[in-house]
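S.K.: Here it is, the structure, as structure tokens.
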Amino acid sequence: MGIIERIKEIEAEMARTQKNKATEYHLGQLKAKIAKLRTQLLEPPKGASGGGEGFEVTKYGHGRVALIGFPSVGKSTLLTMLTGTHSEAASYEFTTLTCIPGVIHYNDTKIQLLDLPGIIEGASEGKGRGRQVIAVAKSSDLVLMVLDASKSEGHRQILTKELEAVGLRLNKTPPQIYFKKKKTGGISFNTTAPLTHIDEKLCYQILHEYKIHNAEVLFRENATVDDFIDVIEGNRKYIKCVYVYNKIDVVGIDDVDRLSRQPNSIVISCNLKLNLDRLLARMWDEMGLVRVYSKPQGQQPDFDEPFVLSSDRGGCTVEDFCNHVHRTLVKDMKYALVWGTSTRHNPQNCGLSQHLEDEDVVQIVKKKERDEGGRGRFKSHSNAPARIADREKKAPLKQ
């Protein structure tokens, strides 16, 4: 019996089993078995060659967005309108057979947009080219799930199920569960929050299913069995997703209003070029990109080439800015002068941990510059008060 058949057999058993207090331990074990089998399904077969065409393209720009959806929902047309890159579009299905990249120039940043082939139900099991499509989606910073507003709402659930089957968690955050394997000592189970979905006994059974007999487990929130399995697997990708309903020009106003009110959703029409500007703004907000401008000593800020940080990847602190400029700048920095909305006054003397916001201006003062320049360095800043110069340290008073 193959892996896919075993997964379907366990799913059928779960569907037959009534959910109650007496069967929750058995269902938890079945969920762990399915998670293990799906992980094996994604592993490449032993001895397989590297032949075959893949979809992976070189990352470019300050972020990557993947277009996911069923065939003929308007992904290629959307790519052409947002990037100017030509992607073959037609009225028949499976027009796009490979990954077509494009670049969006927005707010002085470059965002890579990938038009992926349409996926079908069963893509997580290898049908069509679903595995390759989903693998590229895992490397993206944001997923745009393009849906046909005139089709059934079931398409959204099918696509979400296929993505979650391969370890993608849409619009979720990693569960607050600490898990660490040990060589000896048995299983240590602790919790700092009341648990209503899982208990110590079920936790032990799931760990034994993975043949883990020595580990430390700490629940910091009311997590579920699926959350605990995700932590054990350790290969889940938590990614933001925006549900883009296209072709709203062929449905009624009531349907448009209903779809637009759904969480993480936006309605557009590629045919009428409707709401595309709001889609770009939504993409920008979801990706959490932050532009930071550098200001050399005694010069005007460079507003042409910002340093782009991300709140999701890495962070948005002065230390992150220094690492973007040069890896040795953190060691050489004395302090930073920051102008912008993240400070109480302009400029503000800040350290490495200062959080930066969009369009902040940063000037790094190095240790050598401060030692050589002395107090006169601060006189070049028109906004700095006269008392900003360092005060000499006085010896403590004698008792």
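Cβ from N, Cα, C; glycine included.
Take a look at what Swiss-Prot says about it:
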type     : residues                : note
DOMAIN   : 63-288                  : domain 'OBG-type G'
BINDING  : 69-76, 115-119, 246-249 : GTP binding site
DOMAIN   : 288-366                 : domain 'TGS'
REGION   : 367-399                 : region 'Disordered'
COMPBIAS : 388-399                 : compositional bias 'Basic and acidic residues'
S.K.: What number of additional C-beta atoms lies within 10 angstroms of the C-beta atom of LEU116 (GTP binding site)?
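M.R.: Result for LEU116 (GTP binding site): 25 other Cβ atoms within 10 Å.
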S.K.: Of GLY69, LYS75, which of the binding-site residues has the most Cβ neighbours inside 10 Å?
M.R.: LYS75
S.K.: Around ILE248 (GTP binding site), how many other CB atoms lie within 10 A of its CB?
M.R.: 23
S.K.: What is the number of residues in the domain 'TGS' (288-366) that are helix, strand and coil, as DSSP sees it?
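M.R.: Per-class counts: 12 helix, 29 strand, 38 coil.
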S.K.: Within 10 Å of the Cβ of SER72 (GTP binding site), how many other Cβ atoms can be counted across all chains shown?
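M.R.: Result for SER72 (GTP binding site): 17 neighbouring Cβ atoms inside 10 Å.
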